[in-house]
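*Asks:* Found this in TrEMBL, in case it helps:
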- 1-18: signal peptide (SIGNAL)
- 210-565: domain 'Peptidase S53' (DOMAIN)
- Glu284: active site, charge relay system (ACT_SITE)
- Asp288: active site, charge relay system (ACT_SITE)
- Ser484: active site, charge relay system (ACT_SITE)
- Asp525, Ile526, Gly544, Asp546: Ca(2+) binding site (BINDING)
Amino acid sequence: MMVKLGLVLAALLSGASASPHHARSTHVLHRRDAPPSGFVNSGAAPDDHVINLKLALVQSDVSGLEQKVYALSTPGNAEYGQHLSKEEVEELVVPSSESVSAVNDWLASHNLTSQVSSPAGDVRSVNLTVKQANALLDASYSTFTNQKTGSTTIRTLSYSIPADLRPHINVAYPTTQFPPTSVSSQSLLASSSRINDNIARALLDSCATSFTPACALELYSIPTNVPFQSDSRLGIAGFSDQSAGAADLKAFLEKYRPDVPDSTTFTSELVAGGVNNQSNPGVEGNLDTQWSVGLIGQTVPVVFVAVGDDDGDDFFSQLPAIINAFLNDTNPPQVLSMSYSLPDSFIDQATASSICNGFAQLAARGISVLAASGDYGVDGGEDPTQCHEFQVEFPASCPYVTAVGGTISQGPEVAWNSSGSGFSSYFPVPSYQAADVAAFLKTLPANYSTGHFNASNRAFPDLSARADFVEIVEGESQTGTGTSSSTPIVASIFALLNAELIAAGKSPLGFLNPFIYANKDAFTDIVAGANPGCNSEGFNATQGWDAISGVGTPIYTKLRTAAGL
Ligand SMILES: *[C@@H]1O[C@H](CO)[C@@H](O)[C@H](O)[C@H]1NC(C)=O
Ligand SMILES: *[C@@H]1O[C@H](CO)[C@@H](O)[C@H](O)[C@H]1NC(C)=O
Ligand SMILES: *[C@@H]1O[C@H](CO)[C@@H](O)[C@H](O)[C@H]1NC(C)=O
Ligand SMILES: *[C@@H]1O[C@H](CO)[C@@H](O)[C@H](O)[C@H]1NC(C)=O
Ligand SMILES: *[C@@H]1O[C@H](CO)[C@@H](O)[C@H](O)[C@H]1NC(C)=O
Ligand SMILES: *[C@@H]1O[C@H](CO)[C@@H](O)[C@H](O)[C@H]1NC(C)=O
Ligand SMILES: *[C@@H]1O[C@H](CO)[C@@H](O)[C@H](O)[C@H]1NC(C)=O
Ligand SMILES: *[C@@H]1O[C@H](CO)[C@@H](O)[C@H](O)[C@H]1NC(C)=O
């Protein structure tokens, strides 16, 4: 009601007043009734607190970008493998000069200036005080306290732009997006909270209770004799102050890959003020680098990309930071492994779309992005007896990302009962999986989706790999459980395939999903296991694609043939 009244008043004023300063009606870009559960409003934010506000402008040709992505990534298409250059992608997403001047004029009327903050200029950033931001966005920035961690974050429950700018601006952040701060986030780290398998671990040193690189090489038929290929590179994302230890990697290689020189290591790239602190390696950083270098040995250079908080202290600011770093590179790694996720309920549709669009741009560049499907089953870490609506992890649920679920060993692999999975809240089902998802939906009890999930949307994971009793060296040897380990395993397999393709003069695989769904027989179908939660059975692993194990686990030798090698 308040908003409607405000709009009417603004319209009246614009008719009555000669002053251009009152002439604009506003459009609410996003509003939420309350912060997400777990946050309390601790009062108005200090007027002089400085916010680095990002404005995502409307891009020139989003549907052109999406069409290109599918043409380039779909086996059999005439354009398959013809990935775009940095400049070609930028041409599709650059905002119109009209949009740029409309936005800059608006900012100037508030005595503000903006700076380009993405390679194509479709994101602009403005430093402004809370007082200025409240005036600019008709917002009410407040300090919200995360009750679990005690950390505070400054956000607003609603924000608006002048209605005539609606055709030019998609989203502004930080506004109504409520991620827990990365440093204190438990759910962001897929593996660390579940690193206690040691206790349950049997003395028996077999692949069932001690999953080593040797086990993975055997299980997925991964070759160890692919020649060094400097042009195939694997990027490992490091968020949340996770550093990767070179000394721990050396110890890991000595123990588990004695055939690989223990001097084999990774390089670091620092993005947005990131650090790779050798005095303070983290479980996730170690796991990801040990399981990539541990599988690909010296064949493919591994780049650890440490993302800092110059662009914002939360995951949903740091994702665009790493995307932009890759987009701004004329020759980035062709595979990016990301063992991190948060529920998509922390962000609104416009924010999710804006970040997912960044992944579409990476797809157009020929980059395969692998993302962990999450470690909390369908309840996403909520009380499994209380929740009804299944939680959805992001970025795994973005259709331009390849989501990796987890399996455990019980003789043959079965789906892990905590594997994150389900249906996006925001993105419609993409064509590459539509038939498989429809077939899976038929296996569900009648009306099973009602209130649990949106059955017309993008479903994940796309594939899976081993997630339990995974060895890692963190000072000493231990094992971990989580899709955090499944993700670098799968990423390493595709980086090796790229090395072989590049050596054969062919294009790297790029965005993988159309290839994966077109070659389901190159995977071991996982047909047992389920992830019960939210007072439900969750999802069953079934014959064919299912919403817990995807198409199954990779078989390198068959993928090789599918890739035309
Ligand atoms: C912008 O700056 C001018 C000159 O300093 C001042 O008169 C005006 O009130 C400012 N406008 C806003 C919106 O702050
Ligand atoms: C892109 O890289 C160039 C240097 O190569 C740098 O000057 C520019 O600031 C970067 N742009 C973004 C948006 O990061
Ligand atoms: C905002 O401030 C940061 C330093 O805190 C600076 O690096 C950046 O260039 C500023 N951006 C703009 C748009 O002025
Ligand atoms: C690296 O970690 C050590 C140990 O936690 C800490 O004392 C040091 O300040 C850190 N350095 C940086 C640059 O973050
Ligand atoms: C998942 O499996 C473990 C044993 O592997 C069991 O302890 C746990 O209760 C199961 N969780 C659910 C939600 O069924
Ligand atoms: C399901 O998602 C689609 C977008 O793909 C949306 O249009 C529709 O409203 C959603 N349905 C429900 C019941 O939320
Ligand atoms: C899971 O499989 C069991 C056994 O076949 C079946 O009874 C149940 O309905 C299935 N549940 C779902 C959610 O698919
Ligand atoms: C399923 O839903 C439809 C309408 O949405 C309803 O007509 C039907 O009775 C429901 N079936 C069951 C078994 O609940």
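Note: Cβ is positioned from N, Cα and C throughout, glycine not excepted.
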*Asks:* Take the mean position of the Cβ atoms of Asp525, Ile526, Gly544, Asp546, the recorded Ca(2+) site. Which other residues of that chain put their Cβ within 8 Å of it?
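*Replies:* Those within range, site residues removed, are Val527, Ala541, Thr542, Gln543, Trp545, Ser549, Gly550, Val551, Gly552.
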*Asks:* Where does Glu284 (active site, charge relay system) sit in the DSSP three-state scheme?
*Replies:* helix
*Asks:* For Ile526 (Ca(2+) binding site), just count the other CB atoms lying within 10 A of its CB, please.
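*Replies:* So the Cβ neighbour count for Ile526 (Ca(2+) binding site) comes to 26.
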*Asks:* Do you know which of the recorded positions Asp288, Asp525 has the most other C-beta atoms within 10 angstroms of its C-beta?
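*Replies:* Checking each of Asp288, Asp525, the winner is Asp288.
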*Asks:* When DSSP states are folded down to helix, strand and coil, where does Ile526 (Ca(2+) binding site) land?
*Replies:* coil
*Asks:* Are there recorded positions among Ser484, Asp525, Ile526, Gly544, Asp546 that sit within 10 Å of Asp288 (active site, charge relay system), Cα to Cα? If so, list them; otherwise say none.
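*Replies:* So far as Cα distances go, the recorded positions lying within 10 Å of Asp288 (active site, charge relay system) are Ser484.
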*Asks:* Listed binding-site residues are Asp525, Ile526, Gly544, Asp546; which of them have CA atoms within 10 A of the CA of Glu284 (active site, charge relay system)?
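*Replies:* So far as Cα distances go, none of the binding-site residues lies within 10 Å of Glu284 (active site, charge relay system).
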*Asks:* Which chain-mates of Gly544 (Ca(2+) binding site) that are at least 6 residues away have a CB under 8 A from its CB, listed by sequence?
*Replies:* Asp436, Ala439, Phe440, Lys520, Asp525, Val551
*Asks:* Using DSSP with the three-state reduction, classify Gly544 (Ca(2+) binding site) as helix, strand or coil.
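*Replies:* It is coil.
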*Asks:* Restricting to the domain 'Peptidase S53' (210-565), report the mean pLDDT as a whole number.
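*Replies:* For the domain 'Peptidase S53' (210-565), the model's average pLDDT rounds to 96.
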*Asks:* Near the Cβ of Asp546 (Ca(2+) binding site), how many other Cβ atoms are there if near means within 10 Å?
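*Replies:* That number is 30.
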*Asks:* If I take the alpha carbons of Asp546 (Ca(2+) binding site) and Ser484 (active site, charge relay system), what is the distance between them in whole Å?
*Replies:* 20
